[in-house]
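Trainee: Pulled the feature table from TrEMBL, pasting it below:
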| type | residues | note |
| --- | --- | --- |
| SIGNAL | 1-19 | signal peptide |
| BINDING | 63, 339, 343, 380, 381, 456 | Zn(2+) binding site |
| BINDING | 63, 174, 176, 334 | Mg(2+) binding site |
| ACT_SITE | 113 | active site, phosphoserine intermediate |
């Protein structure tokens, strides 16, 4: 594959001077495609359907990473390395098993990130805007919380004496990570400052507080969200002169100091910048709290590489710490700002976030073994993001379509949104994309319908899987199926009865054994 990649890159450079659509010379030969397909077939026939127990579980969640985003990120990754892009493989593309997940919430055809997080972390579908509670709970109604709490696979793993971790590029109390530990009827209750008085009087807890109280001793927590942990108006350590980054808590609690005091007798560390993170020896750390920004972490294109770690750098430290536990680990990794880039109509930001998450996936694969680690990559939902326009092979993913519109005779970019802030009129007509700075990182791609923020999409999302029991993620399934498979593979949660272990293999329950026997007999009789 390395050789073919070099040939593709060279062909790209040669054909670029001809004015013709750019594709490698070797692709004109049917043998190239036949050999490639035959090698893929051979690899598929040799694929191991592992029934061994998974010691470790890793879930990579690309927030808003629908299939069009995956494809566009693939092209971008290739183009960043000098290739055409279309033929490139993402790390997730290399996973042997791929399925689709239906993303709807119980009360929403097009979902939000809270209800979906409850599905793929807690195993039950839920209402939009709620985390860690069943569909019997109603958004923003505190009195519907009690009795409707549901637990997550992170807790199931902790109860099984595994180490557990959360790494995100958003705030650590945002929708996706919060479903791993919180039970809250409103995803926006980041601290008590964002909660209505009635909810506080009724005894509901904000999400930041639940992070430290619901599941004691989460081993690794990394992301943004510092200001929600500190007393209201307390200056931020990194931005002391910026009021918007000051603490928000009305109860005057300092949750970081409380955590440090509770963990003083443990091998625990709190860090708030990259230098502190890099100074740690993971072998000497059992617990890590890393809060690198007051709110969400910056886009990777905007990140100060001296002060803020990348997602890949956080994942590396997290895995090395979690590997200290001989019982294994569960790790949730969120590429959360893919979603934010799309909402803002900033496709370049969104796609670079997706490429960065793919780097983290590759690193995780190098640090773990496919023989004892089940890795899953998926999204919570899609976006109304697309790219088209009959672009030529190798066209920059952020570039213009090759022809102007045959209606208004103006240029347009290949990337477009169904709605969002990119809707613009100039003298009552659609803006001509050719006169815009469409390759800048904050360019807002044109949208069909004007909205201050672009919306989610409702189509199914891809689920990529490798490792023990990965073949169980197949076909088209409900999104809440995902944690059930992961738990089954690791023999945690409610999936323990089948775990008659022998040489690392996972035994079958009597029910499954009976079914297998019936199928075998039937096959013989036929």
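Here the Cβ of each residue, glycine as well, is placed from N, Cα and C on the backbone.
Automatic prediction, not curation, is the source of TrEMBL annotations.
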Trainee: Could you list the residues of the same chain, at least six apart in sequence, whose Cβ is under 8 A from the Cβ of residue 456 (Zn(2+) binding site)?
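Mentor: The list for residue 456 (Zn(2+) binding site) reads 64, 110, 111, 112, 381, 382, 383, 384, given in order along the sequence.
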Trainee: Please compare the binding-site residues 174, 343, 381 by how many other CB atoms fall within 10 Å of each one's CB, and tell me which has the fewest.
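Mentor: It is 343 that, of the binding-site residues 174, 343, 381, has the fewest other Cβ atoms within 10 Å.
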Trainee: Over all shown protein chains, what is the count of other CB atoms within 10 A of the CB belonging to residue 380 (Zn(2+) binding site)?
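Mentor: Taking all protein chains shown, residue 380 (Zn(2+) binding site) has 31 Cβ neighbours within 10 Å.
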Trainee: Within 10 Å of residue 63 (Zn(2+) binding site) (Cα to Cα), which of the recorded positions 113, 174, 334 do you find?
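Mentor: Matched recorded positions: 113, 334, sequence order.
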Trainee: Taking the Cβ of residue 63 (Zn(2+) binding site) as centre, how many other Cβ atoms lie within 10 Å?
Mentor: 30
Trainee: How many neighbouring Cβ atoms, not counting its own, are there within 10 Å of the Cβ of residue 339 (Zn(2+) binding site)?
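Mentor: Looking across every protein chain shown, the total is 29.
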Trainee: Report the nearest neighbour of residue 380 (Zn(2+) binding site) in space among the recorded positions 113, 174, 176, 334, comparing Cα positions.
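Mentor: Spatially nearest to residue 380 (Zn(2+) binding site) by Cα position is 113.
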Trainee: Give the sequence-ordered set of same-chain residues, not counting 63, 174, 176, 334, with Cβ within 8 Å of the centre of the Cβ atoms defining the Mg(2+) site.
Mentor: 61, 113, 117, 168, 169, 170, 175, 177, 335, 336, 339, 380
